[in-house]
Amino acid sequence: MFLWGTATASYQIEGAVAEDGRGRSVWDTFAHEPGKVKDGHTGDVACDHYHRWSEDVTLMAALGVNSYRFSISWPRILPSGHGAVNEAGLGFYDRLVDGLCAAGIVPAATLFHWDLPQALEDEGGWLNRDTASRMAEYAGIVAARLADRVPIWITLNEPFIHMVFGYALGTHAPGRTMFLDALPAAHHQLLGHGLAAQALRAHGAGQVLVTNNCTPVWAASGAEEDLRAAEAYDVLHNRLFNDPVLLGRYPDLSAFGLDAMPALRDGDLAAIAQPLDGLGINYYNPTRVRAPGDPGILPFEDAGVTGHPTTAFGWPVVPDGLRELLTGLKARYGEALPPVYVTENGCSQADEPGPDGVVDDQGRIAFLDGHIAAVAAAMAEGVDVRGYFVWSLLDNFEWAEGYNQRFGLVHVDYATQRRTPKASYHWLRERIAARATP
Ligand code: PNW
C-alpha cells in the first residue's frame, strides 16, 4: 500500500507546553528570548492540537490519507531528559495512536523533531555525546508503549537543518553560532539515530527510518571552481547524513579542511549504519552554488535559483528537482538505498479565507500536483518510493518565522482555533481517491 499522508511536528502544533507534567524544551527557551522568533511568536498554544487532536484526526480521515507522520515531544515523556518517565505524556500519544488506528490511518512517529529537553541542553545538548545514549533510552520507552500500534518509526528529522540553524548559525534553538565547529552536533545526532534504531527494534518496532533534508545541488556554471563548490555543498547537505547511514562511512571532508569527521570514535559508524526499512526524504527546493567570492571558511556560496516561481517564503518551486533528487539517490547508492518515503513536501502561501469562507490556494494545488508527478516520474525510472507526506496538515508554528508562514492543507485561525480546509485539501482528497499511487 502506497502511503499518502500529512506530516506535523510536536512543538509546531501541540501547544499545552506546561500541561500534564511536560518539561521544557530548547524551543520553549529560544522562542521566549526576545528577537529570536518573528513578532515574538511562541509555540505556547500553537494549534492547540494537544486538546484538539481528535478533530484533527477526523480532518485526516475525511481527507482520505492512510498515514500520518507526527513527532513525539521528548520533554513530555522525559521532563528532565532522563530518569522519571511522565506517564501523562505517554498517555497523550497513546490516545492519539488509538484514534489514528480507529480511523484506519497508519501512525508514523518521529522521535526527534528538534524539541530537545532543555535539561539535556543544559548538559551540552547535541555537542554532548551522552545525548545519543539518552535518545536510545527515550526510544526504548516510547516503543515499549506504542510499537504494538505504531508500525513506522523515524528517528531524526533533518539533522542537517538542526545542525546548521541550531548550532552553526543560531537562527533556531538552541541558538548556538559555532559555524563549522557545529559538526559534532551532526555526528552525535547520527549516533543517536543508530542507538535509537537498535532500541526501537529491541522494543518491537517494525520499520525504522531516518529522515534527511535533501537537495539537488546545481553548480552556477561549468567552471571547474563552481563544480568543486557544488560538490562541497553536496557533501555537507546530503552526503554527510546519507553516507554514514547507508554506507557506514563519512564522505571526504577535505574541502572543509578536515581529514576526519570531528567527534567520530571507533565503532560509531557501525552503530550508525543500522539496517533501515526506509529512507525518509524531505524535499523543498534545489540549491545552486558557486565558488566563494572571497575564500572564507566555506568552500561555496549560494548563487540563488532563478527563473522559477517562488513560495511565500521565497523558496523556488522546482517540482522536477524532486525527480532529480530521487533518481540521483538511486544512482549514488544503488542496492544500498532502501525504499524511499517522501516524508515532507509542501509550500507556504499567504492564505486567508475569502468573503465566501473559501481559502483558494491554487498555488499549493499546482505545487502538489507537480511534485506528485515528479514522484511518479522517479518511480517510472526505477526508484522504489513507498510514501508521500504533505507538509503540513495544518498551518502551524513555522520556527523562526512564527505563524507568518502558512504550510497547511487546513487553514488555522489562531484567534479561535477554527480549522478551515483549503482548496488544496479538497483537491488532494480527490487526487488520492482517484489513484492509489502517484
Ligand atoms: C522542515 N531550509 O524544515 C521541517 O522539517 C519542518 O518542521 C518545517 O516546518 C518545514 O521544513 C518547512 O520549513 C526546514 O531553509 C527548514 O532549506 C528550513 C529549510 C528546509 C526545511
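Each Cβ is built from the backbone N, Cα and C atoms, and glycine gets one as well.
Just so you know, TrEMBL annotations are computer predictions that nobody has curated.
According to TrEMBL, the feature substrate binding site maps to Q12, H113, N157, Y284, W391, E398, W399. Other Cβ atoms within 10 Å of the Cβ of N157 (substrate binding site), summed over all protein chains shown, number 25.
Taking the Cβ of E158 (active site, proton donor) as centre and 10 Å as the limit, one finds 24 other Cβ atoms among all the protein chains shown. The feature active site, proton donor is assigned by TrEMBL to E158.
In this structure, E344 (active site, nucleophile) is part of a beta strand by DSSP. Counting Cβ atoms from all protein chains shown, E344 (active site, nucleophile) has 26 others lying within 10 Å of its own Cβ. Taken from TrEMBL, the feature active site, nucleophile applies to E344.
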Neighbouring CB atoms within 10 angstroms of the CB of Y284 (substrate binding site), all protein chains considered, total 23
Measuring Cα to Cα, tell me the gap between H113 (substrate binding site) and E344 (active site, nucleophile) in whole angstrom.
-> 12
How many other Cβ atoms are found within 10 Å of the Cβ atom of E398 (substrate binding site), counting all protein chains shown?
-> 19
Whole-number Å distance between the CA of E344 (active site, nucleophile) and the CA of E158 (active site, proton donor)?
-> 10
Cβ-Cβ neighbours of H113 (substrate binding site) (radius 10 Å) = 24
